[in-house]
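**Q** Feature table excerpt (Swiss-Prot):
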- Arg28: site 'Transition state stabilizer' (SITE)
- Glu34, His35, Thr36, Asp37, Tyr223: substrate binding site (BINDING)
- Ser124, Ser125, Gly126, Leu127, Ser128, Ser129, Ser130: ATP binding site (BINDING)
- Ser130, Glu162: Mg(2+) binding site (BINDING)
- Asp174: active site, proton acceptor (ACT_SITE)
Amino acid sequence: MHPKSQSKQLFRQKYQKSPTLNVYAPGRVNIIGEHTDYNDGFVMPCAINYGTAISGAKRDDHRFNVYAADLDEFDEFRLDQPIIPNPSKKWTGYVRGVVKFVQERCPEFRQGADLVISGDVPLSSGLSSSASLEVAVGKFCQLLGDLPLNNTDIALIGQKAENRFVGANCGNMDQLISALGQADHLLMIDCRSLETVPTPVPEDIAVMIVNSHVKHDLVTGEYNTRRQQCETAAKFFGVKALRDVSIEQFQKREAELTALDPDTAKRARHIVTENQRVLDAAYALNHSDISRLGELMNASHVSMRDDFEITTPEIDYLVELAQSVIGKSGGARMTGGGFGGCIVGLAPKDKVDAVRQIIAENYEKRTGLKESFYVCTASQGVHQC
């Protein structure tokens, strides 16, 4: 059952009444531009047809009762008291954190509610189940309290909740695309100015996602380490963020930085070249040059593997299998924060079955893990449903 239907049905069962407010926020897949968001750079994701639905209704007090359908767990907290983490249930941090920072922006918001949350974004897959949940909660609060927040505000509140309440030092891409996505379009986002430029996905091109089922958990260190290394590199170049370093500027001082700290130099090289790849990818898409876009995706994967060092052998193998079928008709790369999760492929629709088949025949045999294969549609951002 789709989360939109499930959340409504479960709400009636749990609370013996009908929901009066229903919202839905999609997950996302990033086509190109990995780890560039927290470097004030460029990204090019699309919202996907998997996401998080919330059904709810006002209460006549200040209490939030939250039922997470997929985990079969409840949480409750009050909006007229300080909102603090519930360490025994990690998922509650995404809900409580968003409500806390909505209140920080709109101190008058104290309206209680009963909620049911249902989602179908695979957890720990790199498809932004957390951002989808944060944006859905933010939109629910905005509509519940008729608050003066737009969808960009809601995205940034979600990011703040993940940074300061949950403790994952993520950038703003995942929340922005969940909030601002457009059907049938990729969205190039400037993560500094927050400007977005929609780019249509050609009709004959499929967006494929393959989940490696190698679990990743970004709160556990490596992601935050990469972020610190990028900040160290920005200081070395005397700039606010690596977004401000051109490839030429990087190459001039690359040997000097490598002598100081070879790992930091590699991390910076990925970010500086990846930003340029996103700009080149937007140009390629606007000129319907899918072959060039594919080259850029493939190069992005090599950079993540060798310079940013965030892939795994299983992920590299999936990419190799997909690329062997796609050839010059598109591309494939790891997507998401890394250390597991998913790969994304762009290719003509008539190649989908062959990609699915080569992975089904080889991946489990080599890794002992069974992949999940999704063909996705670029979808609308957060909305009432």
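Heads up, the Cβ atoms here are built off N, Cα and C, so glycines get one too.
On this model, are these features tucked inside or out on the surface, and what's nearby?
**A** Within the same chain, the residues at least 6 positions away from Arg28 (site 'Transition state stabilizer') whose Cβ sits under 8 Å from its Cβ are Pro45, Cys46, Ala47, Ile48, Leu127, Ser128, Ala131, Ser132, Met173, Asp174, Ile177, Ser178, Gly181, listed in sequence order. According to its DSSP assignment, Arg28 (site 'Transition state stabilizer') is in a strand.
According to DSSP, His35 (substrate binding site) is assigned to coil rather than to any helix or strand. Cβ neighbours of His35 (substrate binding site) (same chain, under 8 Å, six or more residues apart in sequence): Gly171, Arg226, Cys230, His270, Ile271, Glu274, Met304, Phe308, Ile310, Gly337, Gly338.
Within its own chain, Ser130 (ATP binding site) has Tyr94, Glu162, Val166, Ala168, Asp174 as residues 6 or more apart in sequence whose C-beta sits under 8 angstroms from its own.
A helical conformation is recorded for Glu162 (Mg(2+) binding site) in the three-state DSSP classification.
Taking the Cβ of Asp174 (active site, proton acceptor) as centre and 10 Å as the limit, one finds 30 other Cβ atoms among all the protein chains shown.
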**Q** Same chain only, sequence gap of 6 or more: which residues have a CB within under 8 Å of the CB of Glu34 (substrate binding site)?
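**A** Correct list: Glu274, Ser300, Met304, Phe308, Ile310, Arg333, Met334, Thr335, Gly336, Gly338.
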**Q** Within 10 Å of the Cβ of Leu127 (ATP binding site), how many other Cβ atoms can you find? Include all protein chains, please.
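**A** Counting Cβ neighbours of Leu127 (ATP binding site) within 10 Å gives 29.
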**Q** How many Å separate the two farthest-apart Cα atoms among the substrate-binding residues Glu34, His35, Thr36, Asp37, Tyr223?
**A** 13
**Q** Could you tally the C-beta atoms, other than its own, that fall within 10 angstroms of the C-beta of Tyr223 (substrate binding site)?
**A** 20
**Q** To the nearest whole angstrom, state the Cα distance for the pair Tyr223 (substrate binding site) and Ser129 (ATP binding site).
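**A** Between the Cα atoms of Tyr223 (substrate binding site) and Ser129 (ATP binding site), the distance comes to 17 Å.
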**Q** What does the structure give for the C-alpha distance between Asp37 (substrate binding site) and Ser129 (ATP binding site)? Integer Å is fine.
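**A** If we compare the Cα positions of Asp37 (substrate binding site) and Ser129 (ATP binding site), the gap is 18 Å.
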